[in-house]
Amino acid sequence: MTNIRKTHPLTKIINHSFIDLPTPSNISSWWNFGSLLGLCLVIQIMTGLFLAMHYTPDTTTAFSSVTHICRDVNYGWMIRYLHANGASMFFMCLFIHIGRGIYYGSFTFLETWNIGIMLLFTVMATAFMGYVLPWGQMSFWGATVITNLLSAIPYIGTNLVEWIWGGFSVDKATLTRFFAFHFILPFIITALTAIHLLFLHESGSNNPSGMTSDSDKIPFHPYYTLKDILGVIALLITLSTLVLFSPDLLGDPDNYTPANPLNTPPHIKPEWYFLFAYAILRSIPNKLGGVLALISSILILALMPFLNMAKQRSMMFRPLSQCLFWTLVANLMVLTWIGGQPVENPFIIIGQLASIMYFSTILIFMPLTNLLENKLLKW
């Protein structure tokens, strides 16, 4: 009798993706973050669904409804903070996942990499719209500032901004449509994730050595299911600690003040996971230039497969590239810090230098280092 797991049309898909999937035997814990991102997505959809049951997308009651969730709904405070801090964990895993892809040369899987970039943009859009929903001061002014950036587009900019706002300022129409998009986008993310996995399983996973591992594969279950569970436990402990002990650690105190169009906060800043891009945006004095730099800071990832000159796929055996990679990581941390600082010296010049360093590392130094390493290895 044949195993139903291998023959039934539904279980066959699950079997080929998560059970009998041939996986390289040497992949490290850096490969855990894909499954952790899946877990984060599930947590966000579930907590988001329960929040949507009590939330009202109306400018007069949105702030009160979030307060009502925290005070009157059973474990509403926990659901709300799981959702808010779950987004932070999502981005933490996302950044590590992308970093691993760069370090071990996974960007050579073109389709998987490009769908990953689309996923990054979609997740960023979802998080931005979610931040607007509590309708606090930072929600309102964040929405105003970021949507206003589109007015830098020549000819159609102003019309485009008013079209997105649904009026002449951020108001009820904006909040309602942001709620609608924030609700639908996670399901689009889920669909894109399925396509991401589909393309990944066409080529098979990369591994730390960067070499083909066809001769040395093991089944995903039980080896990597067990290994992933360890990551899941670590993630849940971190998230629970954050939610139960310091739920507002990563938030902004200004968002506990109801939105007031007549009072601008002294310092408008997004959540921590957008600060690096916000710092790049602010480092250019020109509005259109800043917007282009902001988009380029993410889109530059799409150029990585074409800028790669190395004969070895992984950075595992390339110490010069490793130094450059960790310099890039440190640079992104500096940008994140600068994004949260006021626009004054010395922060302005540090932000500008860090932005130049970010783009030149990826566009100039990395390809040159690749060529130098090829030369040193007589390739």
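Placement of Cβ uses the backbone N, Cα and C atoms for every residue, glycine included.
Annotated in Swiss-Prot:
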BINDING   H83, H182  heme b b562 binding site
BINDING   H97, H196  heme b b566 binding site
BINDING   H201  ubiquinone binding site
TRANSMEM  33-53  transmembrane segment
TRANSMEM  77-98  transmembrane segment
TRANSMEM  113-133  transmembrane segment
TRANSMEM  178-198  transmembrane segment
TRANSMEM  226-246  transmembrane segment
TRANSMEM  288-308  transmembrane segment
TRANSMEM  320-340  transmembrane segment
TRANSMEM  347-367  transmembrane segment
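Non-local contacts of H182 (heme b b562 binding site) by the CB criterion (under 8 A, 6+ apart in sequence, same chain) comprise G48, T126, M129, G130, L133. Less than 8 angstroms from the CB of the residue listed as 'ubiquinone binding site' sit H16, S17, L21, each of them six or more residues away in the same chain.
For the pair H196 (heme b b566 binding site) and H83 (heme b b562 binding site), the C-alpha distance works out to 24 angstrom. In this structure the C-alpha atoms belonging to H97 (heme b b566 binding site) and H83 (heme b b562 binding site) are separated by 21 Å.
Stretch with the most C-beta contacts under 8 angstroms to the transmembrane segment (288-308), considering only 33-53, 113-133, 226-246, 320-340, 347-367: 347-367. Here the transmembrane segment (320-340) has Cβ contacts under 8 Å with residues 99, 102-103, 269-270, 272, 274-280, 282, 310, 347, 350-351, 354-355, 357-358, 361-362, 365-366, 369-370, 372-373 of the same chain, all six or more residues outside its ends. Comparing 33-53, 77-98, 178-198, 226-246, 347-367 for CB pairs under 8 angstroms to the transmembrane segment (113-133), the maximum falls on 178-198.
Tertiary neighbourhood of the transmembrane segment (33-53): same-chain residues 69, 79-80, 82-83, 86-87, 89-90, 93-94, 96-97, 100, 182-183, 186-187, 189-190, 193, 228, 231-232, 235, 239, selected by CB-CB distance under 8 Å and a gap of 6+ residues from either end.
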